[in-house]
Amino acid sequence: MAKRDFYEVLGVERGASEGDLKKAYRRLAMKYHPDRNPGDKESEDKFKEANEAYEVLSDTSKRAAYDQYGHAGVDPSMGGGGAGFGGANFSDIFGDVFSDFFGGGRGGSRSGGAQRGSDLRYTLELNLEEAVRGTTVSIRVPTLVNCKPCDGSGAKKGSTPSTCPTCGGIGQVRMQQGFFAVQQTCPRCHGQGKIITDPCNSCHGEGRVEEYKTLSVKVPAGVDTGDRIRLSGEGEAGTHGGPTGDLYVVINVREHDIFQRDGKHLYCEVPISYTDAALGGELEVPTLDGRVKLKIPEGTQTGKQFRLRGKGVAPVRGGAAGDLLCRVAVETPVNLSRRQRELLEELRDSLEGDSSHSPKASGWFEGVKRFFGDL
């Protein structure tokens, strides 16, 4: 099959600049790279074709020979004096291509050996009192710890791991992708460079075993839902001598029967009787420090809010404590006796027609009258 024109392959004009060539090649390399099209023979062929075209056109002397003689000027098999593909340097192109494939620039090769253990997360349920005052709790956490019989090596006591025959102890293997070679983690030793021929009976060569660890956690006063306590070195054990991960204890404060919390402030609803609301009085309300007396002025309405300063929560990072805000809810009397009913009827009759006793209701009814009068 006759070769396509190299300019046509890259989709550029014959006078294209070096920058245009690079841009066109990079687009095709990204589109047809074998890593993005595994098992696709057509994409692999187009990838090779783009490689060949860019290798020639990006080289000044080869491009001149190609422009004058066509494929014969760069392909020895066609009688020209081309130099094959050994001299091409695509590192500047693939620095960008690999960055797009793997989400970053070309860093150092992944080496085998010690690896840090994973961090763990534990959700700790607390009641409001524990969260506000602080506490110390014991928790039991499932984790991975170093195997004691083999000291975390994975090999049976007295034996030693052998060098991986696949990668020769490097931990990586060289994979050919068309005209290019890339380094990949060795599939046999998983980047460790060594394999265990006589595994430990306790951990079966893993070097770590599952275990429940009991820990004491000191919870500072003032924590709230979502706060985290870090226990350094209490996560999963690392592999092959790597450092241990951390344990993050995440706080979740359960709902309280009386109080609702918003940051450093507490809120509660206080039911009061119809008579206390009308005549005024004094009642006891709960706080986290005990009961306090709250004075209710006469004529108190539902929704009235009273602030008890400093009766909220002291922030975990320091500062003044918040407040307790008590919202009054006036209860309508129920299950009335005959005498109680008579008294309320007498009260209603005595209040009827006097708007000074119910200014809000009077104003509302006046507004309703005006509304219907305007219709």
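Cβ atoms are placed via backbone N, Cα and C, with glycine included.
Lifted from Swiss-Prot, the feature list:
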- 5-70: domain 'J' (DOMAIN)
- 134-212: zinc finger (ZN_FING)
- 147-154: repeat 'CXXCXGXG motif' (REPEAT)
- Cys164, Cys167, Cys186, Cys189: Zn(2+) 2 binding site (BINDING)
- 164-171: repeat 'CXXCXGXG motif' (REPEAT)
- 186-193: repeat 'CXXCXGXG motif' (REPEAT)
- 200-207: repeat 'CXXCXGXG motif' (REPEAT)
Subject >> binding-site residues (Cys164, Cys189), the one with most neighbouring Cβ atoms at 10 Å >> reply: Cys189
**OP:** For the repeat 'CXXCXGXG motif' (200-207), would you mind checking the mean pLDDT of the predicted model?
**Re:** 89
**OP:** With DSSP as the yardstick, break the zinc finger (134-212) down into helix, strand and coil residue counts.
**Re:** 0 helix, 35 strand, 44 coil
Original post:
Do any residues at least six apart in sequence from Cys167 (Zn(2+) 2 binding site), in the same chain, have a Cβ closer than 8 Å to its Cβ, and if so which, in order?
Top reply: Val173, Cys186, Arg188, Cys189, Gly193
Subject >> For Cys186 (Zn(2+) 2 binding site), the number of other Cβ atoms found within 10 Å of its own Cβ >> reply: 21
